[in-house]
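*Asks:* Got a structure for you, written out below as structure tokens; questions coming shortly.
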């Protein structure tokens, strides 16, 4: 055996070649003790375009995690290489970036995917290349079924919608009108809210599906008011659309007139709350994280986050999702004792239990999807600013679409 | 019944917002015949000016509007003098490419200066509370938009149709050489008119933020709607744009209310029919 090791890269080219030749000649004689080595985690996020702030939130989460937990797991140094997939509508780019990370950057694990089409486009590639793909945002239920190497640490929209439906049925809401944006996630939200709400004895008495980028909601809200429901359930895709929707519910005085307004938590995302202002008053929402959660892991997370981004910075739930994505990778590396092949990593991920800033989470071994607490929150004023304050916890929620 | 009136009032207010938002485009694209797809960028500029003044300096909302308009107008004049006047004689395709490029650049600058997130614009209470007008309840902001739109429409129609300034602009657009021949200083006139168009874009942007939100993608998000207003109204006709915008707002609201399943597509259907049967828009008789 040549004394030089090709992995360390310190020896000259010739000795490396000699070493490689020797290793090839005697494959069983490899060193039994694990060596110092590095592992590349390829990160695919939207870092330019309309959704750049989502990608930035995710990136923050990765940085905060490595700030707290360092870059080493045992003798493996975890290094991230980040690529920009420019947001939804660029699934082909997401696939190409994934391929580039695997082939050129030698990424052994991929982390990221903010949008469903981007995750779906990379699915067959991950299967073929045998690389685990940790999803940290894309929320359509089916994604994890498209590759055995996918695992999700974020959430699925049905988790939020169904939790809200169950809660509404239990809390005196008998009839509901629904207003959802007319595209995949909106229909998902409508379906799963309705299923859970009607299973609990409630009745959906009508609904409207609105254009995805529509900004004028008063005709739809007028119809909703005339239907005289106890509650109004809504989903919209975030950003300016959700701000416009929420402001117009305030204009129409939906909450003030006694109709319970319920939305999935992403509609009233923390980074939209300042633009919504008092339109948030009394709005009930369901989400898997909020800054106010009181647990040790969240304290540690917030402290490091604010050290990095300033004392008044507010993390998004997306920051936590990326943080947990890294936590899952570190956890898996500890479990496998340094083995980084896809099968070992995936076996360690299945059934993994972690203490997240959002509370205890688990990766369902059967579906590789997340099981987590969903918090029911109400919009109210706290310390001079509007916030969503949790008042009820639904524990251990699985993705209802796979249950 | 009260539901119908309420919807109609809201729809007309929304139409009025579209009108105020599209006046600037009606001036630059319609009157000056410059294919100004950067209109949204000027509107965005006015929007950010209003947001910064309101949130950063505590300037009252009503005062932010003229400042946003003047500031955007000034930027418009400077840009016109530096680059845009060189684009007037170019073919339409080049004008399109130039103004789209300008709008992309403006979006990128906004992203650097203000970040990609939504800008909060919280209107004063007297604009967000609902006012009971007897037959209908409507928010102060929508009443404000309707009144403001009526005043602006009247003033502009008068300016372009009944003043010497308006006559000069129309003359210069129709026949530049002849206009210069009779002593009209066309270069200066165009700079002022473009500045006016930009100022109205800025004003429309500042008014729209409270309703439509504001982020760096703003220049393109509403371009289609604005082009619809100008196309249906008939390029160059302020009155035509006014009728088109209010009609679109009201029709859109009515169809969304009565047939929500298809209501959202009706206005696009109207656009197609208009373009097939009245390719020059409502005010076609006026087009040269």
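Just so you know, glycine gets a Cβ as well, placed from its N, Cα and C.
Residues annotated as transmembrane segment in TrEMBL: B:12-31, B:38-57, B:63-84, B:96-114, B:143-167, B:188-212, B:224-251, B:258-278.
Give me the lay of the land around each of these features.
*Replies:* Within the chain carrying the transmembrane segment (B:38-57), a Cβ under 8 angstroms from the stretch's Cβ atoms is held by residues 21, 24-25, 28-29, 63-65, 67-69, 71-72, 75-76, 99-100, 102-103, 106-107, 110, 113-114, 119-122, 197-198, 201-206, 208-209, 214, 216, 218-223, 226, all 6 or more beyond its ends.
Non-local neighbours of the transmembrane segment (B:96-114) in the same chain are 34-41, 44-45, 48, 79, 87, 90, 215-220; each lies 6+ residues outside the stretch with a CB under 8 Å from one of its CB atoms.
If you look at the transmembrane segment (B:224-251), the same-chain residues 6 or more away from its ends with a CB under 8 A from one of its CBs are 8, 11-19, 21-23, 25-27, 29-31, 33, 39-40, 149, 153, 156-157, 160, 266-267, 270-271, 274-275, 280-284, 286-287.
Within the chain carrying the transmembrane segment (B:258-278), a Cβ under 8 angstroms from the stretch's Cβ atoms is held by residues 228, 231-232, 248, 251-252, 284, all 6 or more beyond its ends.
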*Asks:* When you scan the chain for residues with a C-beta under 8 Å from the transmembrane segment (B:63-84), skipping those not six or more beyond its ends, what do you find?
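*Replies:* Tertiary neighbours of the transmembrane segment (B:63-84) are 34, 42-43, 45-47, 49-50, 53-54, 102, 190-192, 194-203, 205-207.
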*Asks:* State the non-local partners of the transmembrane segment (B:12-31) in its own chain: residues 6+ outside its ends, Cβ under 8 Å from one of its Cβ atoms.
*Replies:* 39, 42-43, 138, 141-143, 145-146, 148-150, 152-153, 156, 160, 169-170, 173, 193-194, 196-205, 207-208, 211, 222, 225-227, 229-230, 233-238, 241-242, 245-250, 252-253
